[in-house]
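The structure under discussion appears below in the form of structure tokens.
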Amino acid sequence: MRRAPSAVGRALAGLAALLAVVAALAACSALDREQAELCRATVPAFEPDGRLVIDALSADPLLAHGIRVDYTVEDGGEPREGVVRCAFGGGRLAGDRMQLRGIEVNGEPVPPARLLFLSRFWLAVPDAVAAGERRLAGVTEEPLLGFDLPARPAYYVQQGVNALPTAAFYAFLAVAYALVYGLVNRINLAFGEIAVVGSYAAVAAVSTFGATVAAGGAVGAAVVVAVTLVAAFAHAALVGAVIGEAVFRPLARAGHRSFLIATIGLSIVLTEAMRLWAGSRDRWIQQVLNEPTVLIGGPFEVTMTAMQAVETAGAVVVLGVVLWAATRTAFGRAWRAIADDPPMARLLGVDTARVAGLTFALSAALAGLAGGMVALHYGHASYGAGTIVGLKALAAALLGGIGSLPGAAVGGVLIGFAEVFWSATLPVEWRDVVILAALVVFLVLRPEGLFGVGRPAADTADVRWAAREEE
């Protein structure tokens, strides 16, 4: 008999559906919001007097990469309508996407010299742009959720929205730690660097074919995101499988210290390998699906980008599948059998070596997926970023209970929200110090974490996985 879905499962399914709607609405728009805002900012330069009302912002159907701004001038006399059309250098992943190549005002092209002065002495001067903004009455967007909030509550709701991708990133890494620790009772300190491998795989995928695919507009950009995340997932899974066979299997019968030292060395190897392969400079790509959709209206609008929605919905779905697989599939039952009693699992015919290999590949794939998401979200990858994010993700796993997959995910969410809300309200330079210090105090009082189950420490006598028994 099939079990009815739990209230938590229904809530997660509802959240994923809502976020998918937000992603679809934002991704299906042909309007590049950043290009539209830049074109909109030029209007006060051409209309120096009166109040300006923006009637419409739209993609220009006559230009491959163009924006059309329809506006009305109210200067005390008869209202006067106008149109500004802006041509940009490229699409969503092009390097010259934000370069103005031409402007037409009320049907008259702007001369190149004036365009140069506009770019250098108007758009590049924050005070001039701010003075123009004060004369603009923009197009108001109807909030997706259909209601407004006062400014202060809306600000905190916005920080909660901003925290969702960060929470998803730490949840992925924390579950990766928990998968390995729950099986072999060892901590792999190289997950931060494996996440960076996923980031570089994402950057390489976007740099190789992203601009061509994204020429198809928002749908093309969505395809780039999907293919890039799959590439990051698969690349990291391959790295995890190789590491499991080449490093962790020979250490199956070693103690905690040997395993820990090996993973520290592995993190250094991965960091230096990426530095030598990609160079010491950070890698940058154009952000995608970053057009905001207004969720809640009011004096402080709460917005969410399609990329934020994709990251959050993706984390809910992927981690939900992992947690479901841990209890409902043959792999999950074998994983739990080895975690609970390795000798008995082997006596009952569980292939411990195969389960361990799949576990290392899956955990690395989750870390790589997190790294790919970060690269797409921030448009940035750095070979040296793995250590700090890996340690904070380990802290998240410890907070939730490193032996519990759901607990580790909850710990990642808590650390992600704590980071963002601290940054939004308190001095950011103290963020990591205070959060990690508070975690140390918490673990002193509750070493097993929020949801962890304590068990005696094991060392060389506890061979949780190893090569197949010799005949």
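Any Cβ shown, glycine's included, is placed from N, Cα and C.
All TrEMBL annotations are machine predictions without curation.
Quick caveat, the model's predicted, so the values are computed rather than measured.
Taken from TrEMBL, the feature signal peptide applies to 1-26.
The transmembrane segment annotation in TrEMBL covers 167-184 (among others).
Look at TrEMBL and you will find 191-215 (among others) tagged as transmembrane segment.
Marked as transmembrane segment by TrEMBL: 221-247 (among others). Counting residues 6+ beyond its ends, the transmembrane segment (221-247) has Cβ neighbours under 8 Å at 27, 92-93, 190, 194-195, 197-199, 201-202, 204-206, 209-210, 213-214, 262, 266, 288-289, 306-307, 310, 314, 356-357, 359-365, 367-369, 371-373, 375-376 in the same chain.
Through the fold, the transmembrane segment (259-278) approaches residues 186-190, 192-194, 196-197, 200, 243, 247-248, 251, 381, 383-384, 386-387, 390 of its own chain, all at least 6 residues removed from its boundaries and within a Cβ separation under 8 Å. Residues or ranges marked as transmembrane segment by TrEMBL: 259-278 (among others).
Sequence annotations record features per position, and here TrEMBL assigns transmembrane segment to 312-331 (among others).
Taken from TrEMBL, the feature transmembrane segment applies to 352-374 (among others).
As annotated by TrEMBL, transmembrane segment applies to 394-418 (among others).
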Notebook entry, point to check: Same chain, outside the transmembrane segment (167-184) by at least 6, Cβ under 8 Å from its Cβ: which residues?
Noted result: 191-192, 194-195, 248, 252, 311-312, 314-315, 318-319, 322, 335, 338-339, 355-356, 359-360, 362-364, 366-367, 369-370, 373-374, 389-390, 392-394, 396-397, 400-405, 407-409, 411-417, 464-465
